[in-house]
């Protein structure tokens, strides 16, 4: 445990907040994309599909790197039990709050919008359970994964800490090229695991809880650990905050490969396995792209930025049902995809900000949506 706080990483706070807020244009553009979602526009837009695919290809990989970075930073600052308790509360309480207040009403709304209310009694017990697992966890899945990663990382972080205490500080002798190879192999390993599961017991891949708890956690754990290593080794972090032409070009090529796989791949063949390899290495390269841009443009203290950093989790939690409401009841009345997309941004962001300001004035809601007890002020701690 260290009593000396690490310097404030303003650019990482900002990047994490903007990555979370990117969920708003991501889901609104999903309405107007060629991808089948809960609600879709009458005619899809190719450029909004492209925009949607780009966000989806890297956003959460970078997010989990930052989460791992802050998690290890706080691991060194607090006793183990206190660290685990605070970390789980910060993500677990908002997740459990959002299920009855947000995703359950969202599920009921979709049942009526998609005219599935009459079919519900005909479903088997497992089908009802699995439907509820997908629909109630919904966009909260990353909070569940963070709870799991926090618990799993206890042993890993303890080992890291012991190595730091017993070994002399030394540079992380690994280049971005070596990291790229490692993440490529990790992508292949993940793809192999998925293919084996697909061959042995394909039905389990459609199980919501298995997908969230096992498959998502397996995919994102390398990025979470990479974030912790970036905190341990400043030279490794410097590799990410220093612009790399190779990473930029690699990310561009990987995104083209991602689009081609989306266009020509088949779910019954190797599309998902190929995607896991592509997004694993693209996620690594985009860490460099995003970190280097953020370090140059966002590494400063600003009251406005701090406001959105603090508001980002709440806004993300409430934006999803607002987006679905917009898609179901307002999108059909707007013929232009561009105007509809812009109106969606204004509608969702505007209402989300109003709700955020209201919840700040109600201590119980403020606690439930932040996981922070009202008697404690730990504004320096990170949420994920």
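Every residue gets a Cβ built from N, Cα and C, even glycine.
Within its own chain, the transmembrane segment (17-37) is flanked in space by residues 44-46, 48-49, 51-53, 55-56, 59-60, 62-63, 66, 139, 290, 305, 308-309, 312-313, 315-316, 319-320, 323, 326-327, 331, 337, 340-341, 344-345, 348-349, 352, which lie at least six positions past its ends and keep a Cβ under 8 Å from the stretch. Feature annotation from Swiss-Prot assigns transmembrane segment to 17-37 (among others); the stated evidence is sequence analysis.
Here Swiss-Prot flags 54-74 (among others) as transmembrane segment, drawing on sequence analysis.
Among the features that Swiss-Prot reports, transmembrane segment is placed at 91-111 (among others), with the record citing sequence analysis.
Annotation comment: Swiss-Prot describes 140-160 (among others) as transmembrane segment, evidence class sequence analysis. Long-range contacts of the transmembrane segment (140-160) within the same chain: residues 60, 63-64, 67-68, 71-72, 75, 80, 84, 87-88, 91-92, 94-95, 98-99, 103, 212-213, 216-217, 220-221, 224-225, 228-229, 232, 317, 384, each at least 6 residues beyond the stretch ends and with a Cβ under 8 Å from a Cβ of the stretch.
Residues or ranges marked as transmembrane segment in Swiss-Prot (evidence: sequence analysis): 173-193 (among others). Within its own chain, the transmembrane segment (173-193) has Cβ neighbours under 8 Å at 218-219, 222, 226, 236, 239, 244, 246-247, 250, 272-274, 276-281, 283-285, 288, counting only residues six or more beyond its boundaries.
If one looks beyond the transmembrane segment (212-232) by at least 6 residues along the same chain, the residues whose Cβ comes under 8 Å of a Cβ in the stretch are 6, 60-62, 64-73, 133, 137, 141-142, 144-145, 148-149, 152-153, 156-157, 160, 164, 172, 179, 183, 186, 190, 193-194, 205, 240, 276, 280, 283-284, 287. Look at Swiss-Prot and you will find 212-232 (among others) tagged as transmembrane segment.
What Swiss-Prot lists as transmembrane segment is 240-260 (among others), and the listing cites sequence analysis.
Same-chain residues lying 6 or more positions outside the transmembrane segment (274-294) and placing a CB less than 8 Å from one of its CB atoms are 11-12, 14-15, 19, 57-58, 60-62, 65, 176, 179-180, 183-184, 186-188, 190-191, 194, 219, 222-223, 226, 237, 239-244, 247-248, 250-251, 254-255, 257-258, 261-262, 265. What Swiss-Prot lists as transmembrane segment is 274-294 (among others).
According to Swiss-Prot, the transmembrane segment annotation covers 311-331 (among others), on the basis of sequence analysis. Proximity of distant same-chain residues to the transmembrane segment (311-331), defined by a Cβ-Cβ separation under 8 Å and at least 6 residues beyond the stretch ends, is recorded for 16-18, 20-21, 23-24, 27-28, 31, 37-41, 94, 98, 102-103, 105-106, 109-110, 113, 138-140, 340, 343-344, 347-349, 351-353, 355-356, 359, 369-370, 383.
The annotation transmembrane segment is assigned in Swiss-Prot to 338-358 (among others).
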